[in-house]
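Undergrad: As annotated in TrEMBL:
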- 37-283: domain 'G-protein coupled receptors family 1 profile' (DOMAIN)
- 20-43: transmembrane segment (TRANSMEM)
- 55-74: transmembrane segment (TRANSMEM)
- 94-116: transmembrane segment (TRANSMEM)
- 128-150: transmembrane segment (TRANSMEM)
- 200-221: transmembrane segment (TRANSMEM)
- 233-254: transmembrane segment (TRANSMEM)
Amino acid sequence: NSSRVTEFILLGLSDTRELQLLFFTLFLLAYAMVLLGNLLIIVTVRTDPKLSSPMYFLLCNLSFIDICYTSVTTPRVLVALLSGHKAIAFEGCMAQLFFLHFVGSSEMFLLTVMAFDRYTAICRPLHYTAIMARGACWALVTACWAGGFIHSTVQTVLMLQLPFCGPNTIHSYFCDVPPVIRLACADTALTEWLMASNSGLISLGCFLVLVASYALILAKVRARLSQGHWKALSTCASHVMVVTLFFMPCIFTYLRPAGTLPTNKYVCVIYTTFSPMMNPLIYTLRSSEVKESMWKLWKR
């Protein structure tokens, strides 16, 4: 117990001061876009009665999750890049890991629910109102948060069982399972497989469900591509872009034991910063209803 690590050193993305200033600028711009874009979506959906359908209710929740998700890592990255302070307490590291997986897995489940919403709206339009009633939407969102909490609790408990008594240098800019578990002073083979089956299978399972739902939608509408169905396919296309940006790096990172391959910290930027930044752009540019509501809000 006396030799237990009390803090970790996050090496970040670069040791060069010029690159650190460049990364600070890029992260600051991305974080500002995440906050402003997603807050604008939330305010627009909440103030316009026309945007009361389940799709926009789920989109509003996705924007809130994106704000929480990127806020877990980005503010501390900005402080570290500007001040050069790279140390993080052991408790802070475990807290960051917990909230990262809590919010991240909740977003995976929510994206799956949004795909189910689009499938129901396109393939079963007569039953859509009954299936995606307001109470059902709240229940699905609550289930997403509950599933994320259970997943993150399992991950964090497994990490807390490991002894950390030696090296404390993390080759990343935030605390996550793959880089932290390599610092444990014990045989972590079993724990790595348990964590890979937890995070990795959740990522892969949600992604396969999403792909299956889009395949069913395409098979349903390809024989009758009216104007309304073209609009539905356009909405699904924007959703596919978000899914690809978010899930593929997660699958690459988590669907393998941590010690098999080094984690690419630049790949992590895609799903922690770039994907939440793209969500507002994709959904607002592809949705005429949201753009009209934003214009009305701006004029008011």
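Backbone N, Cα and C define each Cβ position, glycine as well.
Since the structure is predicted, the reported quantities are computational estimates derived from the model, not experimental observations.
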Undergrad: Thinking of Cβ pairs under 8 Å, which stretch from 20-43, 55-74, 94-116, 128-150 has the most of them with the transmembrane segment (200-221)?
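TA: Most contacts with the transmembrane segment (200-221): 94-116.
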Undergrad: Give the nonlocal contacts of the transmembrane segment (94-116) in its own chain as ranges (CB under 8 Å, at least six residues past its ends).
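TA: Contacts with the transmembrane segment (94-116): 55, 58-59, 61-62, 65-66, 68-69, 72-73, 76, 88, 140-141, 143-145, 147-149, 151-153, 155-156, 159-160, 174-177, 180, 199, 202-203, 206, 209-210, 213-214, 239, 242-243, 246-247, 250, 271-272.
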Undergrad: Mean pLDDT, the domain 'G-protein coupled receptors family 1 profile' (37-283)?
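TA: So the average pLDDT across the domain 'G-protein coupled receptors family 1 profile' (37-283) works out to 85.
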